[in-house]
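Asks: For reference, Swiss-Prot lists these features for the protein:
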{"type": "BINDING", "residues": "Gly47, Pro48, Pro49, Gly50, Val51, Gly52, Lys53, Thr54", "note": "ATP binding site"}
Amino acid sequence: MIQWFLKYRPRSLKDVENQDGAKKELQEWIESWLNGKPNAKAVLLHGPPGVGKTTLAEALAHDYNLELLEMNASDSRKLQDIKSVAEKASVYGSIFGTRGKLILLDEVDGINVREDTGAIQGILELIEKTKYPIIMTANDPWNPALRELRNKTKMVGLNKLGKYPLRRLLKKICQAEKIICDDEALNYIIDTSEGDARYAINMLQGIGEGYGKVTLDLVEAMARRKERELDPFETLRDIFWARYAWQAKNAATSAQIDYDMLIRWISENIPIQYDNIEDVWRAFDALSRASIFLKRAKGGDWDLLSYAYDLMSSGVAAAEIEKKKPNWKPKWKKYQFPSYIQLLSKSKDIRDTRDEIIKKLAIHSSFNKTLNDTYPFFLIFYKKYDKRLSLNTKEKEYLNSASKS
């Protein structure tokens, strides 16, 4: 099922509310390009999350019959990724019969200048050589890393969506989706969204689809939930109970634990949640694919991390075929800690004793080098050195046991 903020996104500039100044600036800029005398090669659209930066760029392309060549700059981390956009724009003709192309680089403030070496420089080169107009978006345009980009672009700021336009939009969605929403609940959503239309629509959809109606109690409960990270048990429940991909993905990305530990939690509890053996197989298949993407991401191709999250959340949630039935209801199950964590907890005292021995050995070497190179041989002839190392009774007992195993 498509997310409502995408389903009800304005297609044309005339449908974009509360952004008259930005629309006028963009229209003048794109017309200067179409007339062959661009007043700026690139525009930096900036404003808070959910105000419609990407929507405005897409509406501009629609109204002027331009093919939109879109890339998320914070996901495309390599210089080559940025350069490939220029190559595609320059070499390949449009297959849609449009007048030209519009390049959109989303979330340029999400680029990590330390990890994403060359990305900013790649964008600057793209701006310098481009044959087509470029729009970039950013929540925080004053990030020091974007200083050179600011100097090379036309800055266009967007306003937060006002309460009245947001109310009209939410009421329109409720009517179209046949959702009953109390006025108090609607006011609460509008107030807490603070002009973020995407947040407001997602909250409306999350409650409306789950309960069939939107009340103040439900909205307040969901708002409190969004203000904090989910503990592992809540994360599992939201993933396993999700009927839509975006619900499972939101749960995974809001978890208190990192992706490595989340995979362990999900793996441990798949057989608990799913009764059908085929559902279990499909869930583990998705999780194994997530592990593959995660390993490749750690190898430096961090673009693949998003696929890992999709598979470990949406892929696992979609494993239960019964969810497709209209009368499906989630089953409450008692989840458990990963056995891996339990084993680590039980062995902590043993590992602490071992580490104390290694610290005594590692006088002229690092801990890890001593652990890997010296410690295995030390177990063979440790009795000759126990007095010199001042080993206590507990450490001697550990060595006696370890040397026999």
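Positions of Cβ are set from backbone N, Cα and C atoms, glycine also.
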Asks: When you tally the Cβ atoms that lie within 10 Å of each candidate's Cβ, which of the binding-site residues (Gly47, Pro48, Pro49, Gly50, Gly52) has the highest tally?
Replies: Gly52
Asks: Would you identify the secondary structure of Gly50 (ATP binding site) according to DSSP, in three states?
Replies: coil
Asks: Among the binding-site residues listed here, Val51, Lys53, Thr54, whose Cβ has the fewest other Cβ atoms inside 10 Å?
Replies: Thr54
